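Novice: A single structure is presented below for examination.
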Amino acid sequence: MAPLTDFYQLTMAYGHWRAGRHRLPAAAELFFRRGPFRGAFALGAGLAEGLRCLRAFRFSAADVAYLRSVLPSTTEDAFFDYLATLDASEVTVSAVPEGSVVFARVGRARYPPLLWRGCGTVGSHVPGEDGDVTAWLSPQVPFLQVKGPLLVVQLLETMLLCLVNYASLVATNAARFRLLAGPDMKLMEIGLRRAQGPDGALSASKYSYIGGFDCTSNVLAGKLYGIPVRGTIAHSFIMSFTSLEEVQPRELLPLAGGEPVDLPALAKSLLQWVCELLQTPPEKTNRGELAAFVSYAISFPHDFQGLLDTYCVRRSGLPNFCAVALALHQLGYRAIGVRLDSGDLAQQSKEIRRVLRACGAHFQVPWFETIPIAVSNDISEQSLEEFSRELVEVNGSPCMKLTEDEEKMTIPGIKTIYRLYDAAGHPFMDLMALEEEPSPSAGQELVIRVLGRLGETSKVVPTTVEPLHRTYFRDGQVCEPLPSLPEVRSHAQVSLSLLSPAHRRLHEPQPYPVAMTERLHNLLTELRQATQ
């Protein structure tokens, strides 16, 4: 995986090697400067993939041969010999557990990338002292910290950003959908046919699941990652039928046993009663659609779901579904739901619920009233929010960069990050401290400086203190057990549930404060004065 990098990383690496600086100890961080999708938080993801690639980081003989062909002819042969010896055995990686909520420094952006800050060498805190250059790290709370030889850390930048950036954005987007939908609504990822190639599709399925989706249509993702897979029928299946005569086989055994029943004939007879109840002419229903529903119900009597909008929902799809669902009921089975794929999804869902309740009452089938209604096709945050709101109403439940802009300012030194919790169990602040400082403790009064208000001190007393970062990679090996995908998903949902409503809301969330200790602030002040 070592060649998964930008070309300029290699030219810079050669510059470091040529100057004899390639072995200097260095550090860098990955962080969000602004919360994605104009929100207050991001969900960190992609850590496991990054660690796997770190473990395999090396240039093969073929890689080195290719680099010889693309780097300038003046590049010394000894540099290529050096590249052939590189690995990540001297790299240390610390990170928040995958699936953790990570807060940006300030502000909001629609699609901000993860940024990489640092790659200076670690040593003195004063630039140029003893010929050393300090590591200038971010004022943001980093998702991941990397330490190691300068040249290797430089080469890792692009690879780690590639593996973590997209993963975190997809997981964050999925988490926002989950927060909008609430804990009970099922969310299914069906983006395979629209994805950015197979790799993008697999990543989207995996990280949507971490963010809170329940299942995927992507069979390969289900096989590789153990994600539940779901799917029933599409419009093409329904349109392939034209009449009930095409249904083969025609009979279905009752669930409790007994003689097989001609399901097409039973559904056809029940359709007359349904159309009478709905005051819909039976001749307006599409018989090919009825045949498709019956055929699928015979094949999957325990998992029958009707796709209602191939033709007309009110005059055809809904009556045909009710007829087949009632026929299954007579044989002891239950339909699992209906699906809408076009039109005004919220309005149609309300009408469908009204009809299902009417059928349930008229035919004395209580479970009809609660048949799940699934919607698909370009579901956005806005449409999901509007959809949920309308249905709720129906259901009656209501290096140091010197700058005046603190957002772009970078802060020196290797830092330890702590998350502070209040008495209600909500995180209320992330605190940056120098690595050598003693850890803060629960109940301790802390004197801090909040970024954005560094000119004044504040005091806080946390009820709980949590160190955010763990060391996951050292001496060329993963040194912390990696959780399974379901465990990461569960951790993500717990992390989201702990957020206060003010930080969790998706529109105009309250900015989450990030602060630094007095010692870190004093160091920052010294450096500012030294460089003026």
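The backbone N, Cα and C atoms fix where each Cβ goes, glycine too.
Caution: TrEMBL annotation is automatic and unverified by curators.
Heads up, here are the entries from TrEMBL:
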DOMAIN    4-104  domain 'Nicotinate phosphoribosyltransferase N-terminal'
DOMAIN    415-523  domain 'Nicotinate phosphoribosyltransferase C-terminal'
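Show me how these features fit into the shown structure, please.
Specialist: For the domain 'Nicotinate phosphoribosyltransferase N-terminal' (4-104), the DSSP-based tally of helix, strand and coil residues reads 41 helix, 19 strand, 41 coil.
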Novice: Could you break down the residues of the domain 'Nicotinate phosphoribosyltransferase C-terminal' (415-523) into DSSP helix, strand and coil, giving a count for each?
Specialist: 24 helix, 38 strand, 47 coil
Novice: Taking all residues of the domain 'Nicotinate phosphoribosyltransferase N-terminal' (4-104) together, what is their mean pLDDT?
Specialist: 94
